[in-house]
Amino acid sequence: MLPAPRAAPVPASVSLLTLNGEAPLVRGLSLVSQAPGEALAWAPRTSCPGENTSSGRKVSPCSLDISDKLFCSACDQVFQNHQEQREHYKLDWHRFNLKQRLKNKPLLSASDFERQSSRGDLSSISGSEDSDSASEEDLLTLDEERAESEKPNRPPGFYPHRVLFRNAQGQFLYAYRCVLGPHQIPPEKAELLLQNLQNGGPRHYVVLMAAAGHFAGAIFQGREVVAHKTFHRYTVRAKRGTAQGLQDAQGRASRSAGANLRRYNEAMLYKDVRDLLAGPTWSKALGEAETILLHAPRSGRSLFFGGQGAPLQRSDFRLWDIPLTTRRPTFGELQRVLHKLTTLQVYDEDPREMVRFHSPETHCKPVREERKRDTEKEKTKVPSDANKALGQDEEPLKQGSESQEEDGSEVELELVELTLGTLDLREFEVLPKRRKKRKKKERSQKQQCGAHGPLLQQPQDEPFSQPTQVVATPLDTLVDEAKAPGQPELWDMLLAACRAGEVEVLKLQLATGPVDPGVMSLLSAPLGSGGFTLLHAAAAAGRGLVVRLLLEAGADPTVHDSRARPPYTVAADRSTRNEFRRFMEKNLDAYDYSKARVPGPLTQEMEARQATRKKEQKAARRQREQQQRKQREQEEQEQEERRRFAALSDREKRALAAERRLAAQLGAPSPPVPDSAVVNAGRCWSCGVSLQGLIPFHYLDFSFCSTRCLRDHRSQAGRPSS
């Protein structure tokens, strides 16, 4: 094996926030052109079969060797130190590329991974399925960004989100474009970028991040944190990683308590973030900020855009997407992102030259022709049945062997045998549980259709044909009798109408003229998944009018599903259950209602009594609330009077009491009091509590509610004389 390449020199790091126009580092700056025509050529590398250098590149079998250098062969990244390398190995991007390499699939760059993960094209490493219906404007923006980032013949060392400068000392500076000014600065006006860099870039930053129920935002004035806030709400389904809103948008809305809690938390998170950003501090900061950095997946962008009073606008030139792979939104992550973006990398040499000379070469080990033939024989030993089960054909193997024969350099990796040894594990990835369920459903439909028609065109060794013919129950007989060549479409139409509450569609099939015998056979047939009938589906969806129509048409409420539940027990609400009771009141002898678990008939007199009782309860509740409101007002008024009386001095209290005694002796009305709150002089001299209904304690001319207040007042009165 050839010697490993030496590591690239570590660039110096300088904070953009500490620079000024007089710093030697920024003197004589000029923008370095990175046009593809002016870029350096790629360094010669040892070619290996299967290598591709495009953005969606395939990993070369020769790049599977292990190196102790500061380089990641899966992501094609060079690191400055071991700490940065360890941090890279924890990223979802690195783990995703590892899985792609094990599956022999194309790898993604950091920018492609960010765009596809935010759009929802990729499931996360933990198994989430994040997808959302984006607007047309967002999709067009993503397409433009993808076309810009996937331009052919991109030179080495070129980064679309970074700008390369050169100073008078011959040093090269890499700076992130998002901290050098707004979008509206065109590329031809390079002097504006140079001026922003020499001035240390913008000083007012607002960084916002949101993902998976987490929100974090901070306002920075240079390095100083002016304000920051984080929120966390439980919005992501456990063991699934899918947000509840995305699950509902896909038409699989759940009615569980956890789903309702997640929907409530999504609404509260939306309200909390909107209220925070609409506050005086944050709204002023968003208006004065020179740069706004944002990171949010496609499903989380509604927190910031759209709707009434949106805090951000998509056309804002100050708004930038964070061009980094981020972790969970926290205050520490916000500080790390801003520190990373405002750090300049200073090189003594041209970084494009460094990429050329320090790019890791592919190390391949030559092998003998005999060993190559043995390996090809092992590949051809895989049986055809196994290849079919794994979704593979023999043609890729033949093409691979022909390409290796045509290649003049006979090279191969030692890990080829390990790759062949793990092919049997891919069977579980190709055939997941969901696909098995679909196959069972398709087989049952094919078998039912085949009972009344010609035999299906299947091979004789079909593994599932024999067991399905052996199992025969009365339920299967009912299904077979109900099924006809056109019945599956009719069943799907009726089921969709029951779930959606389309009463008019059902009336066309049930209420006009004689009912079709095919439709009658489907009314009580448990044909759905889980043994649901049409009555089950309508009751579970809370469609009371549909339930009434089906019962009047002849649907049997005593038919149970696979979990022994009649339609009444799966009803969504009370109004739907009342439809069964109203039907029972009109048709007492039609069915065995104890088997249907209907508790009893519901007459009009019972409904009238219930309505009257509800009105009385509502009136009593309204009266009780009014009394409680008056009592609270009286208590608040008493507390205010007590506080004001206790705040008076002893001289003012004596004067007020003397005026009231004099007015009482003369029989004249009480003199007006300046403060309308102090209207009762019969209060405790110490704490101000009303003495009405109490036996007061006296000493001298003072009255108190308790001996404790008397003792406190006496000690305070005797304190100056002591």
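Every residue gets a Cβ built from N, Cα and C, even glycine.
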For Swiss-Prot, the entry zinc finger belongs, out of 70-94, 545-569, 670-694, 695-719, to 70-94
For the recorded positions Q244, S256, which one has its C-beta crowded by the most other C-beta atoms within 10 angstroms?
Q244
Using DSSP, how many residues in the repeat 'ANK 2' (530-559) fall into helix, strand and coil?
17 helix, 0 strand, 13 coil
According to DSSP, does Q244 (active site) fall in a helix, a strand, or coil?
helix
Any idea what DSSP makes of S256 (phosphoserine), helix, strand or coil?
coil
Report, in whole Å, the straight Cα-to-Cα distance of Q244 (active site) from S256 (phosphoserine).
11
Mean pLDDT, the coiled coil (602-655)?
88
